[in-house]
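Here's the structure we're looking at; comments come further down.
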Amino acid sequence: MADMKTGIFAKNVQKRLNRAQEKVLQKLGKADETKDEQFEEYVQNFKRQEAEGSRLQRELRAYLAAIKGMQDASKKLTESLHEVYEPDWYGREDVKMIGEKCDELWEDFHQKLVDGSLLTLDTYLGQFPDIKTRIAKRSRKLVDYDSARHHLEALQSSKRKDEGRITKAEEEFQKAQKVFEEFNTDLQEELPSLWSRRVGFYVNTFKNVSSLEAKFHKEIALLCHKLYEVMTKLGDQHADKAFTIQGAPSDSGPLRIAKTPSPPEEVSPLPSPTASPNHMLAPASPAPARPKSPTQLRKGPPVPPLPKLTPTKELQQENIINLFDDNFVPEINVTTPSQNEIPETKKVESLLDLDFDPFKPEVVSTGVTHSPMSQTLPWDLWTTTSELVQPASSTAFNGFAQDTTAFAVQSNENVTETLTEAEEAPLGELKVEETPTAAVVEKEAILAEPDEPTEQAAESIEAGDKETTGIAEKESEVVSAAGGAVAVEDSVVVAAGAGEGAVRTEQEAAAEGDKPQGEEKDVDVSQEKVSSIPSVVIEPASNNEGEGEEHHVIMNESKDAAAEMGTQGTDSETSQIGSEQKATEEIQTTPSQDQPASAGDTASDMPPGFLFKVEVLHDFEAANSDELNLKRGDIVLVIPSETTADQEAGWLTGIKESEWLQYRDANSYKGLFPENFTRHLE
């Protein structure tokens with residue numbers, strides 16, 4: 001018995017050695033290898049089929065586990081409802097019965113899925129291990145076949161032929177070939193059949209799953225409807241104890257889409273900077289989202305973001321000294337465009353109250369003054385451009401005169417004399433220059449009667465604003481007069497003590513001497529109504545980008561301020577319009593000559609039906625062919641819209657100025673764009 005076991009063991013070891021030797025020879029290329037490419041393809045399909053079936057089995061078990069979890073959760077939910085149900089409430093027994101039936105449905109659904117799908121899938125996958133074993137055994141028999149064949153060939157090709165050994169080798173070769181052919185034939189028939197049957201198995205499995213799930217949902221929907229009816233009757237029984245949630249959506253009808261844009265919640269403007277700190281940071285809002293096109297029931301365009309506000313760091317040396325005083329009380333009186341002004345109150349502040357950020361970069365002063373009207377502009381005209389808000393020119397801070405005008409060319413001696421006179425003069429005796437007031441009255445006339453000469457005068461004023469710096473180096477007298485006009489364009493806010501702060505030329509003194517004394521008093525009184533002394537000026541946080549847009553924003557603000565202030569004027573101020581307008585036109589004659597075209601020529605070059613210009617504040621990407629692709633800083637010429645629905649929804653029709661100047665075709669290049677992505681220029 002022991003000898004028999006030893007013989008079998010030795011025989012198996014010999015087979016393993018022969019197979020290993022044959023594989024080594026085949027790897028080294030010293031022995032050829034029998035290959036069946038078609039069978040190898042069958043093996044690859046078998047491996048793929050086994051992997052797909054294993055994954056399907058794994059996911060189906062996870063699905064069944066989820067069903068079991070839903071069964072437990074549903075059971076606990078109905079049990080908790082039954083526990084809180086009062087005995088005198090309607091449908092107590094019905095609720096209990098519905099819960100029990102729901103649990104039975106979940107259990108039946110789970111069991112049928114296990115019997116009809118999971119067990120079938122397990123049976124389907126059960127045949128793969130056996131086939132896999134037979135494939136491995138066939139591979140070993142193929143090696144034995146190659147080994148026997150090589151051994152027989154070696155004996156037949158040897159010089160010394162041994163017929164006995166050759167005969168024995170032939171018998172072994174035939175035996176190995178027979179065993180290999182048996183495995184190979186069976187697998188050649190079974191593997192393709194198994195691969196083709198996978199389609200029918202998938203169909204039957206998922207048909208069973210879908211039918212069971214549909215039946216389950218249909219039956220449990222009836223129970224849910226019964227529970228809904230019980231709850232409805234319970235609510236009718238206790239109608240006086242109804243519980244409503246404010247703001248909860250109702251299912252009484254479809255949702256209504258509003259076409260008009262809803263403005264954001266505006267922060268109420270501060271009555272005065274002393275009422276609350278004027279150096280607080282405004283909350284930043286995200287970039288506006290792209291609105292929908294008008295063909296898709298577009299709503300109003302979104303709200304542009306609010307500008308960030310930071311305190312200015314450009315304080316004079318005298319102001320810094322006063323800040324460290326224990327009794328530092330800044331007298332702030334910011335004039336708003338509204339007529340109902342709230343009387344200012346004084347608030348004791350210290351340097352610790354100011355929110356200075358030492359990590360913000362220093363901003364170079366540009367000499368441009370913003371009107372405080374920009375703090376109370378409507379929400380759809382706010383911008384996030386890097387326009388700098390500087391202290392008002394020719395203003396006084398705590399009684400000390402400041403000269404911040406960048407357009408007047410003065411020597412060091414003149415500046416010293418001016419500061420000395422401002423310090424010695426009493427605050428009540430200081431007068432305001434008449435040039436800003438006259439320019440404001442002139443703007444009132446321009447808004448009231450927009451004829452062609454007046455528009456040319458406005459174009460001349462804008463041209464003078466751009467070229468005053470270059471002319472100031474050549475003709476100081478013309479520069480001084482133009483600086484007064486530019487001060488009006490830059491800001492409507494004029495300090496009460498700013499009149500003596502600027503050096504007047506001989507021409508201005510002569511012009512003032514010709515005016516009646518009564519008119520001069522009226523101008524002083526009306527100018528004092530809008531004067532202010534801002535001590536802490538806020539500016540938008542920026543990186544000095546978009547400074548080229550300053551001029552347009554300032555012109556827009558000053559025109560709005562002039563329209564508000566013009567209603568408070570007297571008849572005596574209106575009588576000065578003619579003389580002041582002529583003086584302004586004479587002052588601006590030199591820079592206006594350099595303009596390439598007049599306002600009349602520009603109007604003739606506009607597209608048909610031109611209304612006004614707007615500047616794009618945010619990038620807008622068109623979603624439809626009837627919309628414009630806009631980038632920040634583009635100028636758009638607005639023309640009448642074809643439908644009023646677009647205007648009501650907050651959309652405008654226009655053509656980009658660059659495309660109009662290049663193609664002169666409004667019909668081909670016009671398109672829609674959101675109005676609150678832009679601001680008006682004229």
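Just so it is clear, glycine is given a Cβ too, placed from its N, Cα and C backbone atoms.
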Candidate ranges 146-170, 446-470; Swiss-Prot annotation region 'Disordered' resolves to 446-470
Expected hit for region 'Disordered' in Swiss-Prot across 21-50, 501-530, 531-560 is 501-530
Swiss-Prot feature coiled coil, matched against 144-191, 288-335, maps to 144-191
On average, residues of the coiled coil (144-191) score a pLDDT of 85
